[in-house]
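Lifted from TrEMBL, the feature list:
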type     : residues : note
TRANSMEM : 21-39    : transmembrane segment
TRANSMEM : 75-98    : transmembrane segment
TRANSMEM : 104-122  : transmembrane segment
TRANSMEM : 127-145  : transmembrane segment
TRANSMEM : 151-176  : transmembrane segment
TRANSMEM : 185-209  : transmembrane segment
TRANSMEM : 229-247  : transmembrane segment
TRANSMEM : 254-273  : transmembrane segment
TRANSMEM : 302-320  : transmembrane segment
């Protein structure tokens, strides 16, 4: 069921179908129905249902300290309606991100990455609070592109109201510039990553940053869980793809490229502590913009074809691994609120 939905949504983005009629809108309609009607789908669905029930009963619940999220739960007393509204908001944000950054002929590539990478769309379905914060961050990035600090700061405050970890996004404004990413910055990135991986520097920085994050992040960090070597090798491919092609991007493409670079760096650093992928979630969505831009900048067709084959092959491997991993078993069977 899940795989057929994804194929149908992707089919509607085929450029040939959209030359005369906007079939791409069916993509968002299909995904909205899939998201809005889901029931007990994903690791955290039932937890959020319990949180919603507790908040509306006047009881303390996980996430209730995030003011805007608590207000949202109270303002929408029907949990299933709230899920539908969050789903609509999420898809509007994705559409907005595509519309202001890509040509219609590139939509299929972006949607393919969004759906075939299970740690994007599917995890966004589950992590409601952070997904809401991420959506607001997308608008914040657009203000960063326009160099509007106050609207950017307001967006980050709103995102923090949904998930307190978003507070760490404040300093990103000063990094998100259109300054070209030349060889000097590439060297600094590689050396810096090496120091983080091979020295105690990562732990020193992590312990300082954790002071500004919710207490549960310290708990996750102290668990000491780490990504596998295979996952790190896969993440390294994306890191190299972004790092060695970021210099080809122009204008605001550079800003989205930098966000994608951060996402891949954090993914590689997960070999130190997997908890860092929770922070990486704020940046990974921008890969659906950066990767199509990079492929658009590659001039030699044979290189583009080889790179695309490797890229999709790796994504398919991750997709298969996701659905066969017992940790994500709750994503295998889809059921709706109509049949619960």
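Glycine too: its Cβ is placed from the backbone N, Cα and C atoms.
Whatever TrEMBL says is automated annotation, not expert-curated.
Residues of the same chain lying 6 or more positions beyond the ends of the transmembrane segment (151-176) and with a Cβ under 8 Å from any Cβ of it are 65-69, 72, 129-130, 132-134, 136-137, 139-141, 143-145, 209, 212-214, 217, 255, 258-259, 278-279, 282.
Taking Cβ pairs closer than 8 Å, the transmembrane segment (127-145) reaches residues 44, 48, 63, 66, 68-69, 72, 86, 89-90, 93, 96-97, 100, 151-152, 155-156, 158-160, 162-163, 165-166, 169, 172-173, 176, 252, 255-256, 259, 278, 281-282, 285-286 in its own chain, all 6 or more past its ends.
Touching of the transmembrane segment (21-39) and the transmembrane segment (254-273) is ruled out by the presence of fewer than three CB pairs under 8 A, sequence neighbours closer than 6 excluded. Between the transmembrane segment (104-122) and the transmembrane segment (254-273) there are fewer than 3 Cβ pairs closer than 8 Å, counting only pairs 6 or more residues apart in sequence, which means the two stretches are not in contact. If you look at the transmembrane segment (302-320), the same-chain residues 6 or more away from its ends with a CB under 8 A from one of its CBs are 112-113, 116-119, 234, 237, 241, 291, 295. Pairs of Cβ atoms less than 8 Å apart link the transmembrane segment (229-247) most often to 254-273, out of 75-98, 185-209, 254-273.
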